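**Student:** One structure coming up, written as structure tokens, with questions to follow.
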Amino acid sequence: MEAGAGLVAGSHNRNELVVIRREGSGANPGGGGGAAARRAEAPCQICGDEVGVGFDGEPFVACNECAFPVCRACYEYERREGSQACPQCRTRYKRLKGCPRVAGDEEEDGVDDLEGEFGLQDGGAAGRDDDPQYVAESMLRAQMSYGRGGEAGHHQPGFSGPVPDVPLLTNGQMVDDIPPEQHALVPSYMGGGGGGGKRIHPLPFADPSLPVQPRSMDPSKDLAAYGYGSVAWAKKMEDWKQKQERLQHVRSDGDGDDTDLPLMDEARQPLSRKVPISSSRINPYRMIIVIRLVVLGFFFHYRVMHPVNDAFALWLISVICEIWFAMSWILDQFPKWLPIERETYLDRLSLRFDKEGQPSQLAPVDFFVSTVDPTKEPPLVTANTVLSILAVDYPVDKLSCYVSDDGAAMLTFEALSETSEFAKKWVPFCKKFNIEPRAPEWYFQQKIDYLKDKVAASFVRDRRAMKREYEEFKVRINALVAKAQKVPEEGWTMQDGSPWPGNNVRDHPGMIQVFLGQSGGHDVEGNELPRLVYVSREKRPGYNHHKKAGAMNALVRVSAVLSNAPYLLNLDCDHYINNSKAIKEAMCFMMDPLVGKKVCYVQFPQRFDGIDRHDRYANRNVVFFDINMKGLDGIQGPIYVGTGCVFRRQALYGYDAPKTKKPPSRTCNCWPKWCLSCCCSNRNKKKKTTKPKTEKKKRLFFKKAENPSPAYALGEIEEGAPASLLKEAIHVISCGYEDKTDWGKEIGWIYGSITEDILTGFKMHCHGWRSIYCIPKRPAFKGSAPLNLSDRLHQVLRWALGSVEIFFSKHCPLWYGYGGGLKFLERFSYINSIVYPWTSIPLLAYCTLPAICLLTGKFITPELSNVASIWFMALFICIFVTGILEMRWSGVAIDDWWRNEQFWVIGGVSAHLFAVFQGLLKVLAGIDTSFTVTSKAGDDEEFSELYTFKWTTLLIPPTTLLLLNFIGVVAGVSNAINNGYESWGPLFGKLFFAFWVIVHLYPFLKGLVGRQNRTPTIVIVWSILLASIFSLLWVRVDPFLAKNDGPLLEECGLDCN
């Protein structure tokens, strides 16, 4: 599709397709993109270097069966360390002249190659097995293809052969005017002949594990296909020889004067590495965890064996709550047993995949931005996110940005149109002066010296001009917002007078508009811009659209039709790119030949702007992102948190992670020929009798009944427009497309919970994939967080409700995924993520106990002996030491740790409690609850919304707890004053218990009555008045008076008067 082709709106089920052109937009001639010319050169398909020549001076051919291009280094490495077979035809490599012998080689008659066998030729390779640099030279590198087959620039080098006869995306039938190579095809090994197996969009790579029929090599065809014998190839061979000679010379002499050697060495090294926590920091932490477990055992032994008879109910409730807290602590603690950190090497990534003066080999990436309601997610915020994506430091031909408007708002559409025009000025400015961040709103708000490290004389002038341009852009966006406040009676109309297709939010066709890309995507300097696409999926009554998860799956399918990048990155509309090199950071893991093959996604931590210095309500979630996630990275990887995540498309399609094949310790080639036939025959018999493990067939595509009528009315589409892409794109976002498929069940974002992120990551880990946690020095993404107490509690309520829904679903980690690829400690983490809302019930009961104990004069423990006091003190010390050591190895500040502890209590007795009851209502009574979209922006005054008071029912439980404990403290102190000195001793334990609750609820109390450091006078007056009233009642009312236990005086009979 071309930019400027107009808004495409249509419904597949209604056989409609309409193109609405913007005013002043002419017909853009479509280019007939033919297949890219086949390159004459054929690099090594494993490492990417030139194949080179053998010792006889002829082109090096590793496999004589299929002539698959592999260089000598990779050939020797595969024979020495790998499976000893050709990656394409799976034929076992034969030893070539000049190559060392490995286990399994047959004796060759008439061949005397001792020098080559033992590495004595040309300086030899003797000792190179122990040379780490030599091993690093033969690392594998994945080669990705991009886009659709047949498009210019998207052709995979070295691919030849007919297009497989497989079902097409358009309902499994051929469209007359669509050539086969222009469809999103399913590879033949996936289709199963038309109905079986998986049917998905094309994967950007081939499956190396599938067998290929061997055939004899035809030198006239095979060698010519890879460019051997051409003049250009001969010149490259000479250059390669000279480089190898210099490399051998430097290695033999031990000198480091050759300038090419460091570059060659650097390009072969890993792109990332693990940085384990130092033993001096992590070992004490593990020791205290073990000690705490032992102390817990003795503590519960004492608690269970010493009940309180006069307060048995209070004792029983407290013991049950403490056991639950201990189990919750175990689920949270042990996934943090193996924390790690990681480093990336962007310079090595550039040397390997992004060399200057050469076409970039970096993998393409599709960006997904999701928005729903422009009144709560302001268009200016979404525009800044899109601008930061378009200006990211990455090859523009490798980027595509898709914006999902699930509210079908014309305001969002018009704002995106304005954004695409402003991007033509903003993107070249960012790249010219290398500014950070590349979201204009936050760049111009920075309170730093913006002239630092800037040497261009024109920077100040250009910056002032750009700031003026941005302010004018903001005025235009604000005008659109103001205009959208009042909806016309007849609905919105577009510039050409046609009605806006999304006037009815719940009943509208699918809409697609390409704003930038191909012929219409150039900035003011004439440079190409990334593709920018507006998408609003079809909505019809009677369909379950699955909220955000359904919108994301629609973007997955649209992107597969238009760009089909192997990697996807999703962002919330309020999370802009703060580090322009963040995508390259992720590619250091995804494209790493050692660890990248099994990585399903790279998760970045969430960082936030606009939060007050004290972070009263723990909006930053520092403990989760800097402690828990680092711990999970040492096991199987972090959980998916909904935004700031780079996915592998293959993993989203529901495929299992590739399994590492162990090289056989002994092969049949080592045995005599008479034994060889026996072994082979036995193995063949075993293979025939063993039933292969069949993979579950997943239906991804909608398959309707035969319909002879045309599916679309294409009368309004000009001849040059790519009609096939429009048909497919509109088709895949239709509301009935997912019927009778595995979308949302096994494929894409998983349905069944409003927290689709947890389910999606959980399914991938169950398939054996691992994830990576990447923390760049400069935060990759930044977003906004709710500031006031009510919005924060509603956000936590939505998260907790999603966890409760997963708890009652078939995907509950307690019973789902056994026998798959999910590791034991990783399962602990997922169990904790869906069980934590249930902690609200024992937490509420435990926080009520102090007030009851103070009012009744009873306590949950008997009088402590010396031994019992030791266990109690040891437990408290272990709790504090665990927290201190955790902060020490993670670098988390004590105030962040304490705010997290406080909000754990606040959220537990409010939002988590309501989430449990709402989840029970939904499961038992079928009463569904709708969640509120969190507001993404505040007022102009800094932190003004922090003190905004919005009453909600979530505030009732914590408010009641505060009042009860305040009353209990006043009553307990008054009782002690009335009864004398001896009653103060038992009171201290009860007061400590009550103050523990009050201190944890203090941020909640401050959010109710305080603004910054000023407490309203009326609150102070009422507090003193209430305290006085309760004190007088406690002292003077007869039932509360202490009984006199002294001797009874009898009347002596004397008249004292």
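The backbone N, Cα and C atoms fix where each Cβ goes, glycine too.
Residues or ranges marked as domain 'RING-type' by TrEMBL: 44-90. The annotation transmembrane segment is assigned in TrEMBL to 282-300, 312-331, 835-855, 867-885, 905-925, 946-967, 987-1005, 1017-1037. The UDP-alpha-D-glucose binding site feature in TrEMBL is assigned to S370, K376, E377, D406, K547. Look at TrEMBL and you will find D406, D757 tagged as active site. The Mn(2+) binding site annotation in TrEMBL covers K548, D572.
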**Student:** For the transmembrane segment (282-300), which stretch among 312-331, 835-855, 905-925, 987-1005 has the most Cβ pairs under 8 A?
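**Tutor:** Result: 312-331.
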**Student:** Let me spell it out: take the transmembrane segment (987-1005), skip the flanking residues so only those 6+ beyond its ends count, and list any with a Cβ under 8 Å from a Cβ in it.
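**Tutor:** Result: 616-617, 789, 847, 849-851, 853-854, 859, 861, 899, 901-903, 905-906, 958-959, 961-962, 965-966, 968-969, 972-973, 975-976.
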**Student:** What average pLDDT is reported by the model for the domain 'RING-type' (44-90)?
**Tutor:** 80
**Student:** For K376 (UDP-alpha-D-glucose binding site), identify the closest of the recorded positions K548, D572, D757, judging by Cα separation.
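**Tutor:** Of all the candidates listed, D572 is nearest in space.
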**Student:** Cα of E377 (UDP-alpha-D-glucose binding site) to Cα of D572 (Mn(2+) binding site): how many Å, rounded?
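**Tutor:** Cα-Cα, rounded: 10 Å.
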**Student:** Of K548, D572, D757, which is closest to S370 (UDP-alpha-D-glucose binding site) if I measure between C-alpha atoms? They're all recorded positions.
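**Tutor:** That would be D572, nearest by Cα distance.
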**Student:** Can you tell me how far the Cα of D757 (active site) sits from the Cα of K547 (UDP-alpha-D-glucose binding site), in Å?
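**Tutor:** About 12 Å separate the Cα atoms of these two residues.
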**Student:** How many helix, strand and coil residues does the domain 'RING-type' (44-90) contain under DSSP?
**Tutor:** 10 helix, 3 strand, 34 coil
**Student:** Please report the distance from the Cα of D572 (Mn(2+) binding site) to the Cα of D406 (UDP-alpha-D-glucose binding site), rounded to the nearest angstrom.
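**Tutor:** If we compare the Cα positions of D572 (Mn(2+) binding site) and D406 (UDP-alpha-D-glucose binding site), the gap is 13 Å.
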**Student:** So how far apart do the UDP-alpha-D-glucose binders S370, K376, E377, D406, K547 get, largest Cα to Cα in Å?
**Tutor:** 16
**Student:** Using a Cβ-Cβ cut-off under 8 angstroms and a sequence gap of six or more, which residues of the chain neighbour D406 (UDP-alpha-D-glucose binding site)?
**Tutor:** S370, T371, V372, S536, R537, H545, K547, K548, A551
**Student:** Since the record lists K547, K548 as binding-site residues, which of them has the fewest other Cβ atoms within 10 Å of its Cβ?
**Tutor:** K547
**Student:** Within 10 Å of the Cβ of D572 (Mn(2+) binding site), how many other Cβ atoms can be counted across all chains shown?
**Tutor:** 24
**Student:** Using a 10 Å radius around its CB, how many other CB atoms surround S370 (UDP-alpha-D-glucose binding site)?
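**Tutor:** The Cβ of S370 (UDP-alpha-D-glucose binding site) has 23 Cβ neighbours within 10 Å.
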